[in-house]
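K.L.:
Heads up, here are the entries from TrEMBL:
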- 112-248: domain 'Peptidase S54 rhomboid' (DOMAIN)
- 39-60: transmembrane segment (TRANSMEM)
- 121-142: transmembrane segment (TRANSMEM)
- 154-172: transmembrane segment (TRANSMEM)
- 178-196: transmembrane segment (TRANSMEM)
- 208-225: transmembrane segment (TRANSMEM)
- 231-249: transmembrane segment (TRANSMEM)
- 279-301: transmembrane segment (TRANSMEM)
Amino acid sequence: MMGREGAGNDTVEIKVHPKRENNVGSPPPYQNKSVFKKWVPWLVPLFVVTNIAVFIAVMYVNDCPTNSGSCVAPSLGRFSFQPLKENPLLGPSSSTLVKMGALDVVRVVNEHQSWRLISCIWLHAGVFHVVANMLSLLLIGIRLEQEFGFVRIGLVYVISGFGGSLLSALFIQTGISVGASGALFGLLGGMLSELITNWTIYANKSAALTTLLCIIAINLAVGLLPHVDNYAHIGGFLSGFFLGFVFLIRPQFKWINQKACPPGYIAPPAKSKHKTYQYVLWVVSLIVIIIGFTLGMAALLRGINVNDHCSWCHYLSCVPTSLWSCNSRQVYCQSTQLGNQLNLTCLSNGKSNLYYLSADVLSKFQQLCAQLCS
């Protein structure tokens, strides 16, 4: 679904003209010739394996049977999942995710743990979460790495993930956030800017652009549902979009035509390797990325919540309808057993409370956590 039509072909149509003094029979006016190196993808598969390995490690650390009263799939031992009421995605507890590097704005601002802006993109909330993201990464990333190589695609992926985390942290400062969605949207943004900046070398431009815009719009629209961090999607997409102008630029058609012209034929001359608009987009995008990340980090470390300065921005992440409400946000608490008592600590505001262990307390864990964080 997330492929690219027309813009994903490494074969460029080359136009050549025979020399007049050449007595050899006239060749056909066009011939196809591959002018771009075809890379063997290995980084994207490595990213997939790494994400899965990290998820397994997180489940090992989580050790549900030891730390929780009941688990899903108890036959898996310490790899079993938290109760569905606590984590419906079949995954670890929120406290384990925080321990392993989830994005927690309180810790980023107050404890200077800025590394969480990067570490959170390698963590996932559950089996469904990691499977969906890794399938998307394979569908999008393999083709891009074949075309542009591991260095450029790796940079777009990681920097876009950082950009998604940064925008998310500026708007959502309660709870935690994990997942590679921001990095994935960065690849989508890079595909769009790559098509725009390399417009002259592709056939079926309009069809490719329309298809790509529809895919992006659908995926961003899903982020308007409740409990989905669309700020990370938007931040990742914008980062990848500007990074694409910087890292995914290719020579203009006339230059490719001239360099790939076979002996004995003359191609239309090209004055420069790239078009003027490509240079302009490269410079402007680089400036936007540097200024945007600098201002974003300065605002985050000062504890600024952008929602306080933008009355409508919350609609970018959730649009309320008659079917759902956007007011309820997922809250997360860390639990510690002290003898026959359970100590709950709200991760967003640091409040703690002690409860006597009972079946009723365990069944109302999320409700008690919500009260503590309110």
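All positions are counted from 1 along the displayed chain.
Just so you know, glycine gets a Cβ as well, placed from its N, Cα and C.
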K.L.:
State, in range form, which of 39-60, 154-172, 231-249, 279-301 has the highest count of Cβ pairs under 8 Å to the transmembrane segment (121-142).
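P.N.:
So the stretch in question is 39-60.
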K.L.:
Near the transmembrane segment (154-172), which residues from the same chain, at least 6 beyond its ends, have a CB less than 8 A from one of its CBs?
P.N.:
43, 47, 103, 105, 108, 116-118, 120-121, 141, 144, 180-183, 185-187, 189-190, 229, 231-240, 243-244, 247-248, 289, 292-293, 296-297, 299-300, 304-307, 313-314, 316-317, 329
K.L.:
Cβ under 8 Å, sequence separation of at least 6 from the ends of the transmembrane segment (279-301): give me the contacting residues as numbers and ranges.
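P.N.:
Sequence-distant neighbours of the transmembrane segment (279-301): 105, 108-109, 112, 114, 159, 162-163, 166-167, 169-170, 193, 196-197, 238-239, 242-246, 249.
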K.L.:
In this predicted model, what is the average pLDDT of the domain 'Peptidase S54 rhomboid' (112-248)?
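P.N.:
Averaged over the domain 'Peptidase S54 rhomboid' (112-248), per-residue pLDDT gives 92.
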